[in-house]
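Chemist: Here it is, the structure in full.
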Amino acid sequence: MSEPTADNISIVAVIGAGTMGHGIAQVCAMAGCTTRLTDLGQAQVDAGLTTIASNLAKGVARGKVTDADQQATIARLSGTTSLEDAVRGADLVIEAAPEQLAIKRDIFTRVAAVVSERAVLGTNTSSLSIADIAAPIPNPSRVIGLHFFNPVHIMKLLEIVVAEQTRDEVTASMRAFAERIGKQPIVVKDAPGFATSRLGLVIGLEAIRMVEQGVASAQDIDKAMTLGYGFPMGPLKLTDLVGLDVRLSIAEYLASKLEQGAHFEPPQLLRDMVAQGKLGKKSGQGFYEW
Ligand SMILES: NC(=O)c1ccc[n+]([C@@H]2O[C@H](COP(=O)([O-])OP(=O)(O)OC[C@H]3O[C@@H](n4cnc5c(N)ncnc54)[C@H](O)[C@@H]3O)[C@@H](O)[C@H]2O)c1
């Protein structure tokens, strides 16, 4: 059995058409893959396809995408509410469903029942163990983490997360595929929080502790990192964009999983703000007003 190489991945199925899934579908379709997007309901599928069309139109307006590429990309995309129809015959499946182990395991079990043994199965999880997600399926050696960043069509990084059982050929194939879709890959072990979530979170949590201790205002802490260290965005503004509830649940997960868990103990201020419904941009209030 041999994995599809980057060049002969021709059919990609993306599961979940939300914030991440539609962007992943867009970059795969732009790279020439027949791409099928699936979600629970037609409304989510349609919203994902509409956002892709709007991203492409903006790309054309800015001179980044040609008219021909826009049309060809849209022609390569389709949507369905049937997970089985989406993944049948796919060379690569990328799951971008909610960050809950039970949901992801159920999806992988259904996918494995339909796809061929040679299909590569990727998950866009931002913190869960790839080995845990892959555990229920036969032949988990074809499962790999493909951690994209938001917004997917703009952000250049692809964090490839390799579990102990992931075959080397699968990793090599995904490294090459990352380049084909215009991303720069890094390869990281399946350790809690991988590289990006673990490092990003520790800075974010420390920034929240500094607000809690009155060291400086949120604006000044963010300025410290943007102007002093060249970060494109301060850690508190980023926390508002990601969602304080999302950061809290990843912090709790890493505090329980990592040996150095104390770094990840959520500050009381974070817990209090989440309890008060101050979730960041999505609720209109976080460390900033939106
Ligand atoms: N949002 C981010 O910035 C970000 C960044 C990197 C990774 N991630 C990860 O990507 C994954 C998806 O996150 P998101 O922000 O796109 O979430 P989201 O809530 O925007 O989208 C998830 C979509 O999955 C759908 N879904 C739920 N169950 C499904 C099922 N059984 N079959 C098909 N679709 C199903 C939902 O209806 C929803 O549309 C999570 O694992 C998250 O941790 C998110």
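Even glycines carry a Cβ here, placed using N, Cα and C.
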Chemist: Which of these, Asn55, Asn150, does TrEMBL list as part of the NAD(+) site with Gly16, Ala17, Gly18, Thr19, Met20, Gly21, Asp39, Glu99, Lys104, Ser126, Lys282?
Modeler: Asn150
Chemist: For the domain '3-hydroxyacyl-CoA dehydrogenase C-terminal' (193-290), what's the mean pLDDT in this predicted model?
Modeler: 95
Chemist: How big is the gap, in Å, between the Cα of Asp39 (NAD(+) binding site) and that of His147 (site 'Important for catalytic activity'), rounded to a whole number?
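Modeler: On Cα coordinates alone, these residues lie 19 Å apart.
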Chemist: What is the biggest Cα to Cα gap, in Å, among Gly16, Ala17, Gly18, Thr19, Met20, Gly21, Asp39, Glu99, Lys104, Ser126, Asn150, Lys282, the residues listed as binding NAD(+)?
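Modeler: If we measure all Cα pairs in Gly16, Ala17, Gly18, Thr19, Met20, Gly21, Asp39, Glu99, Lys104, Ser126, Asn150, Lys282, the largest is 24 Å.
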Chemist: If you check the binding-site residues Gly16, Gly18, Lys104, Asn150 one by one, which have a CB less than 6 Å away from any atom of ligand 1?
Modeler: Gly16, Gly18, Asn150
Chemist: Of Gly16, Gly18, Met20, Lys104, which is closest to His147 (site 'Important for catalytic activity') if I measure between C-alpha atoms? They're all binding-site residues.
Modeler: Met20
Chemist: May I ask you to report the DSSP-based helix, strand or coil state of Lys104 (NAD(+) binding site)?
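Modeler: Lys104 (NAD(+) binding site) sits in a helix per DSSP.
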